[in-house]
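Database features (TrEMBL):
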{"type": "BINDING", "residues": "81-86, 115-119, 139-140, Lys152, Lys161", "note": "NAD(+) binding site"}
{"type": "BINDING", "residues": "Glu194, His256, His274", "note": "Zn(2+) binding site"}
{"type": "DOMAIN", "residues": "77-189", "note": "domain '3-dehydroquinate synthase N-terminal'"}
{"type": "DOMAIN", "residues": "191-343", "note": "domain '3-dehydroquinate synthase C-terminal'"}
Amino acid sequence: MTAPLKHSASVTVDVALGDRAYDIVIGGDVLASLGERVAALRPGVRTAVVTDRTVARHWLEPAEASLAAAGVPTSRIIVEEGEGSKSYATLTQVSEALIAAKIERNDLVIALGGGVVGDLAGFAAAILRRGVDFVQVPTSLLAQVDSSVGGKTGINSPQGKNLIGAFHQPVLVIADTSVLDTLSPRQFRAGYAEVAKYGILGDEAFFAWLEKNHADIFSGGAGREHAIATSCRAKAAIVSRDERETGERALLNLGHTFGHALEAATGFSDRLFHGEGVAVGMVLAAEFSAQLGMISTDDAARIARHLSAVGLPTRLQDIAGFTQEGLADADALLALMAQDKKVKRGKLTFILLEAVGRAVIANNVEPQPVRDFLQAKLKA
Ligand SMILES: NC(=O)c1ccc[n+]([C@@H]2O[C@H](COP(=O)([O-])OP(=O)(O)OC[C@H]3O[C@@H](n4cnc5c(N)ncnc54)[C@H](O)[C@@H]3O)[C@@H](O)[C@H]2O)c1
Ligand SMILES: O=C(O)C(=O)C[C@@H](O)[C@H](O)[C@H](O)COP(=O)(O)O
Ligand SMILES: [Zn+2]
């Protein structure tokens with residue numbers, strides 16, 4: 001745990017993982033406290049900040065200034081932005097730069113960026129000298145509500161999302177909500193899909209609140225911080241009970257079995273951002289659940305209606321280049337889903353819905369009903 005510091009209002013969420021517990025500090029100017037918090041957590045530490053080009057342009061200097069003011073030595077490693085950087089090539093670039101910077105076992109890697117930088121830098125830290133601690137400084141909405149918390153790190157392989165990785169928890173998360181002001185509207189909206197996910201999977205009241213307050217979240221009102229803190233509390237609670245996804249953590253994968261296959265089918269490109277794939281995937285999961293008689297068609301329609309109201313894609317046909325080979329093809333999508341990490345003895349696991357706010361884990365799902373469902377959706 002970090003000691004409380006005297007900065008303007010911030011909220012701290014605890015991720016209760018015993019001797020690996022850590023704080024998520026959320027607030028409007030907490031980036032300025034990065035150096036002070038790192039120095040308090042690890043006196044005498046050296047750091048390397050991993051970031052991407054776009055985030056570096058906006059936020060690297062304030063991060064470095066905060067570290068310098070607290071007397072924390074640092075070096076910088078800058079990668080290309082985008083999902084393509086969750087690759088073997090960029091992992092090599094980052095690992096070798098960390099070695100060149102002489103980051104030792106007791107030093108810290110700092111991931112300053114969205115989910116791509118967090119997953120990549122976290123994984124590099126996990127394998128560098130067999131494990132170096134790291135700090136998450138998430139700069140996208142998605143990273144502040146989801147990817148910076150919980151310790152899933154990794155890269156993609158051509159066969160699928162996040163297939164190479166490790167569980168490696170950060171030692172601190174600093175989520176400065178004011179950095180979101182430089183995020184593009186499309187990226188902000190994509191991150192919102194993961195916010196809505198927490199309501200859909202386990203908190204109907206939060207979903208109803210989002211239905212009423214989404215405009216405030218998008219415009220940067222007080223609701224934004226509330227939505228981020230609520231999302232982090234929901235994720236922290238699940239992760240602290242099931243760190244390694246042996247059970248209920250799989251609920252956080254709502255929409256991802258479909259979504260990850262769609263991201264792979266679109267070549268991990270800007271045709272479909274992760275959050276957008278999750279939005280389409282959650283609607284497909286809801287509609288598939290309705291077809292199985294698990295959720296009412298009204299509830300499934302309510303989910304699609306809200307995601308569509310904020311401008312997220314909700315149908316396969318909304319994806320750029322929908323008719324291109326591999327996307328409008330149920331068998332190709334099923335082949336990609338076969339690489340999902342929830343597959344057990346060759347059988348698919350889906351996160352399905354009984355109601356808004358009630359998700360369940362469905363093991364041993366046969367491929368044929370999924371194929372039939374997708375074929376119908378592709379023609380719709
Ligand atoms: N580890 C997990 O638990 C977890 C959870 C959810 C998603 N993810 C992963 O996260 C990734 C998606 O993360 P993302 O949506 O943050 O994408 P991202 O990291 O690619 O960031 C989105 C874009 O926004 C830019 N950006 C980020 N912060 C900015 C800021 N403050 N100002 C201006 N531009 C900014 C980035 O340069 C990038 O171009 C996917 O790879 C997904 O698989 C991981
Ligand atoms: O933290 C989790 O657990 C999640 O599933 C969160 C997801 O939003 C995230 O996209 C995660 O990276 C997906 O995990 P994966 O195990 O399917 O790669
Ligand atoms: Zn996700």
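Each residue, glycine too, has its Cβ placed from N, Cα and C.
As the structure is a computational prediction, the values presented were derived from the model and not from experiment.
Spatially, by CA atoms, the binding-site residues Glu81, Val117, Asp119, Ser140 include one closest to His256 (Zn(2+) binding site), and that is Asp119. One way to see the shell of the Zn(2+) site is to take the Cβ centroid of Glu194, His256, His274; the remaining same-chain residues with a Cβ within 8 Å of it are Leu142, Asp146, Ala193, Lys197, Gly255, Gly259, Gly275, Gly277, Val278, Gly281. Taking CA atoms as the reference points, Glu83 (NAD(+) binding site) and Glu194 (Zn(2+) binding site) are 17 Å apart. Fewest Cβ neighbours within 10 Å among the binding-site residues Ser85, Ser140: that distinction goes to Ser85.
Residue counts for the domain '3-dehydroquinate synthase N-terminal' (77-189) under DSSP (helix as H, G, I; strand as E, B; rest coil) come to 50 helix, 34 strand, 29 coil.
By the rule that a residue counts when its Cβ sits under 6 Å from some atom of ligand 1, the binding-site residues Ser85, Gly115, Asp119, His256, His274 yield Gly115, Asp119, His274. Comparing the Cα of Glu194 (Zn(2+) binding site) with the Cα of every entry in Ser85, Gly115, Asp119, Lys161, these being the binding-site residues, the smallest distance points to Gly115. Separating the Cα atoms of Glu81 (NAD(+) binding site) and His274 (Zn(2+) binding site) is a whole-number distance of 14 Å. Listed in sequence order, His260, Glu263, Ala264, Phe268 are the same-chain residues six or more apart from Lys161 (NAD(+) binding site) with CB atoms under 8 A from its CB. On a Cα basis, His274 (Zn(2+) binding site) lies 9 Å away from Gly115 (NAD(+) binding site).
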